[in-house]
Amino acid sequence: MVKICCLGAGYVGGPTMAVIALKCPSIEVVVVDISKPRIEAWNSDQLPIYEPGLDDVVKQCRGRNLFFSTDVEKHVAEADIIFVSVNTPTKTRGLGAGKAADLTYWESAARMIADVSKSDKIVVEKSTVPVKTAEAIEKILTHNSKGINYQILSNPEFLAEGTAIEDLFKPDRVLIGGRETPEGRKAVQALKDVYAHWVPEDRILTTNLWSAELSKLAANAFLAQRISSVNAISALCEATGANVSEVAYAVGKDSRIGPKFLNASVGFGGSCFQKDILNLVYICECNGLPEVANYWKQVIKINDYQKSRFVNRVVSSMFNTIAGKKIAVLGFAFKKDTGDTRETPAIDVCKGLLGDKAQISIYDPQVTEDQIQRDLAMNKFDWDHPMHLQPTSPSAVKQVSVVWDAYEATKGAHGLCILTEWDEFKTLDYQKIFDNMQKPAFVFDGRNIVDGEKLREIGFIVYSIGKPLDAWLKDMPAVA
């Protein structure tokens, strides 16, 4: 029986291993993590992450051929294939701070594997890692090998949160990179055999190690670039009276471009886009390619610009002061159908509003108050380091209240900002919301999900990203 062990029970490790266990009943899969509360959550009815369809998959396999454990060393020693999906945050200090990936957790995982292994292992990088990580890991393992053979493979994940289970069931492609040696090819084949249980042969791509590592960074950079492209155009649309939805639709009709990832918004978020682009930038700089580095840097600059533009619009519309005014924020997660707040644009928008002394009331159907307070109190990049290194009980930001429904959030507010495209925000009773708000009542739609015309009929002053501006907004230009 093939035994698989996965280090790291997070957004990647948990769902990926659950699906492998479901699709390969003959393989024993153990997910290990040093965090006791996290493993306890995976073994309970309340899983530590929210992902549509995940509960069913875990419940079908748990205790049969899927196990969650804190006994890291035992399971690593017994495994044939070890997936490593530990955090690779952006460094916060030292060489490459703010850009380079922090491989501390990766390296300690590799050293632990070398310490406890008594048989040959295939080690698979699953976390997003910078190009050439495999080489570093390989060096650590071989220098500590005690006669054991290790093969390193890169098998980057291409999951999108909110659809991770669907993505795992029917992936566009599974990418496996390995050494181009007989042993390397054999290791690639072993991993290929696992995926072949449910993924068609033509969707399993094999490459060399560097290509696999770089493909993941490149794919995320291309996706983020599309978002920044349409967001850049949205600013021009507002200035000229064009409608970004119409422009994006016309552009997306070109079959070479296609319609996906062309929704203008307050900005992209999520744990990977910014991190991976910063990583790409750093690798380019290290390899003497400043022009390439600057090209990709611009994708992040436009994203930051879009968030500050949104805040400026809110402030300038309200007579250039929001001090002491209540502003409702609907949605805090970085996109709908996930409770994940990593790098969500809501953090920068809320910090911008707080910087102007607003009182904020936040509602999100999936994000807890503790998480929101933590995000608003944390420094940039801290979120990706382990809990015990984060500020334990962040001093609650006083001007922020977190409430349990949209009507409570908007009661008595001067303005309402939609920052996540949750479906429920499309069907709210906006007449009721309007009646309970201060006048003039503003809606700032950061996701273009509400019908601006209907809201104007009710009496709102509406700002939608990249749409023609209300007369009111034209009279109150946002000073950049």
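Even glycines carry a Cβ here, placed using N, Cα and C.
The NAD(+) binding site feature in TrEMBL is assigned to 8-13, D33, R38, 86-90, 127-128, E161, 272-275, R342. Annotated active site, nucleophile per TrEMBL: C272, in sequence order. Residues or ranges marked as domain 'UDP-glucose/GDP-mannose dehydrogenase C-terminal' by TrEMBL: 328-452.
The least crowded of the binding-site residues N87, T90, Q274, judged by other CB atoms within 10 A of its own CB, is N87. Around G8 (NAD(+) binding site), the same-chain residues six or more apart in sequence whose CB sits under 8 Å from its CB are V31, D33, V84, S85, V86, N87, K126, S127, listed in sequence order. As a summary of secondary structure, the domain 'UDP-glucose/GDP-mannose dehydrogenase C-terminal' (328-452) carries 43 helix, 19 strand, 63 coil according to DSSP.
A Cα-Cα distance of 10 Å separates T90 (NAD(+) binding site) from the residue listed as 'active site, nucleophile'. All protein chains included, E161 (NAD(+) binding site) registers 24 other Cβ atoms within 10 Å of its own Cβ.
Mean model confidence for the domain 'UDP-glucose/GDP-mannose dehydrogenase C-terminal' (328-452) is a pLDDT of 90.
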